[in-house]
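Copied over from TrEMBL:
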DOMAIN    1-104  domain 'PH'
BINDING   LYS415, LYS417, SER503, ARG530  substrate binding site
REGION    421-467  region 'Disordered'
COMPBIAS  424-446  compositional bias 'Acidic residues'
DOMAIN    590-718  domain 'C2'
Amino acid sequence: MMAGSTLRKVKSKSWKKQRHFRLLEDGLTIWYKSRWATSTLSVTEVEAVREGHQSEVLLSVAEEFPADVCFTLVFHGRQGNLDLVTETPEEAKAWIRGVLPLDPRHSRAGVFSPQRLLRWVWDWFQRADKNKDGKMNFKEVRTLLKMMNVDMDEEHALHLFTMADKSESGSLEIEQFVHFYKMLTQRDEVWKVFQDYAEDGEKLMLNELENFLSIEQHEGEQSSQHARELIDRYEPSGSAKKQSAMSLDGFQIYLCSLEGSVFKPEHRELHQDMSQPLCHYFISSSHNTYLLEDQLRGQSSLEAYIQALKRGCRCVEVDCWDGSDGEPVVYHGHTWTSKILFRDVVSTLKEYAFKASDFPVILSLENHCGVEQQTLMAQHLTQILGDTLLSAPLDGQLPQQLPSPQELRGKILLKAKKISDPGDCVDETPTDEVSDEEEMANDDAESPSTEDPPPAECANETGKKSKSKLSRDLSDLVVYCKSVHFHGFEHARAHAQCYEMSSFSESKAKRLAKDAGTDFVQYNARHLSRIYPGGLRTDSSNYNPQEMWNVGNQIVALNFQTAGLEMDLNDGLFGQNGGCGYVLKPDFMRDGSTRFGPEKPGERRGYRPLRLSIQVISGQQLPKVNQKEGSIVDPLVRVEIYGVPQDQAKEETSHINNNGFNPVWNETLNFVVHAPELALVRFEVEDYDKASRNDFIGQLTLPFACIQAGYRHIHLLSKDGTAIPPSSLFVNVRELEG
């Protein structure tokens, strides 16, 4: 790999260009060159390597290139795949075997172990060593400090350099550079906390570590056992371990670990009761899942389904239209978006539905097809999915309440319209002449009320019914997610079955939440409901999902392809419970007679507001925003609460001039939270700019209920939601009775 290979980079059937690829000396960067330019990619960005024809692009050239010379690099976040073709099968195997083991950073939440940190330091050394002589002179050190976001005066930098240059040669080799790095990253704020509990100032004895865990980390009775475990797990010194003690190095490694994270480690695992009815859970959900870009001209792609499913999405959307050759196609109708085959979407679901989570996937069908192609859709679903498709009630009987995620493990459920049984009151619209979203868009324009008129056919004394255009074969596959028109909360209370569900545009859902919040919460305790973005969001932007979760809506569909605040909130909510895509709603939202409403959170049993105090102490190695030479960030920290209207709040620190490497704030931000069970807390770091809008640096969003009190590190994520180690914040969190 270091010698280099000439590979074909493939973008389409007609775009296949030769590029020279090689691994650089740092062992982390792949460099490649075209006729006109050079590019690089970091192996730390690679999530997986797929062998053979495992992408749409490589499938399209399968006749030209055999599978054994093809492979695909799949990247973290929303970055597109890189499809490559080698000259020989042996060359393909070498690259496939080689890429993933190179990455020292495959770890949860971007947390560094000491070994990964040393590799990261080596990476910096390689980048700063401009003349590649294995040494770094002081000029190269100055360049390095700028690269690392450090604005340090020359005198202090020279002092550190001289201390590290034990051989007095005027340059640093790698071992000396590691020593230089340790001096550079010395954490005075951690040392002060350590000193408060270490009587001799050198090490924490077992009882001293117990006191720290009990008093500062709020661990209570378990602190004794936990102290022993932490020493065994994180103390690098053998002699300290023998004394059942923890050195400053061990203490800092613990604080930077997952256990020292602000996110409770036990809440990252699957820990919630999964035996409640399906409607008692928030469900990670995608809108127009097939799109990689905007809603008008964007590419439709199977890769979009793969990306959503691997993020834990449990409700995906398929817009189906009659294909010109008899095969139904998926695309955003009446637009210039590209088309993919329905059967290929189903095959992709079959392969990827349960890789991130084995809890049920809901296939939300927007059906625009004629009866003939609907019947073909039913065939594809049954033949490709087999037993994975739930096509009949679990016990042969339609239930009084929905089954649980636990009972539906490994199953795909179809959400669509259904031919009503004889004697049932069906919707007044012909069942499939318009899709859910078109129907709701029309309804939004016509009806500002929270109570729509009852179905026309129910009121029609002649008994005549509109002619259905649904395929019976497709209709019969709908079991627990029957799409129906919403006629108001009173009508639903009197007539709706538990397996009937409605879709709401974001504007209608917001209106119902504001005008009849408690009714909406009660409705969602018995039924599933789906919310989707308004039709004007042609740029694939998103609405704030928190407003929908506040009234218990389960399927809050977002454009997963669009990074930003809204997807940060979604990732924050569903980052808990093993990332399984299901989060149990608070108990006051699972009671059909609840009095809770988001506008008045105090009117419920068990109301207990909490005070949240966050001391923002320091930041560590924040990434550069502007890559121009000499540019250093001026960071500030903003903490935001998202929840019921009364809880919406934000506070921020002052900014620190020219220090993204180790800024220190020591500022405390305070909040009162009235519905902590629903609240999300977002930590965002920005680069202050007095002349224009601040630039985003990093963020972490998590549920209030998942926050660990005490001295904690917040491991920051990029705008794309991927880890950016070792960038972090150091905070002290306190939760108090309101």
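Heads up, residue numbers simply count up from 1 along the chain you see.
From the backbone N, Cα and C atoms, a Cβ is placed for every residue, glycine too.
Unlike curated entries, TrEMBL annotations are predicted automatically.
Neighbour counts of Cβ atoms within 10 Å were compared across the binding-site residues LYS415, LYS417; the minimum falls on LYS415. For the substrate site, whose annotated binding residues are LYS415, LYS417, SER503, ARG530, the maximal Cα to Cα separation is 14 Å. In the predicted model, the domain 'PH' (1-104) has a mean pLDDT of 86. Of the binding-site residues SER503, ARG530, ARG530 has the largest number of other Cβ atoms within 10 Å of its own Cβ.
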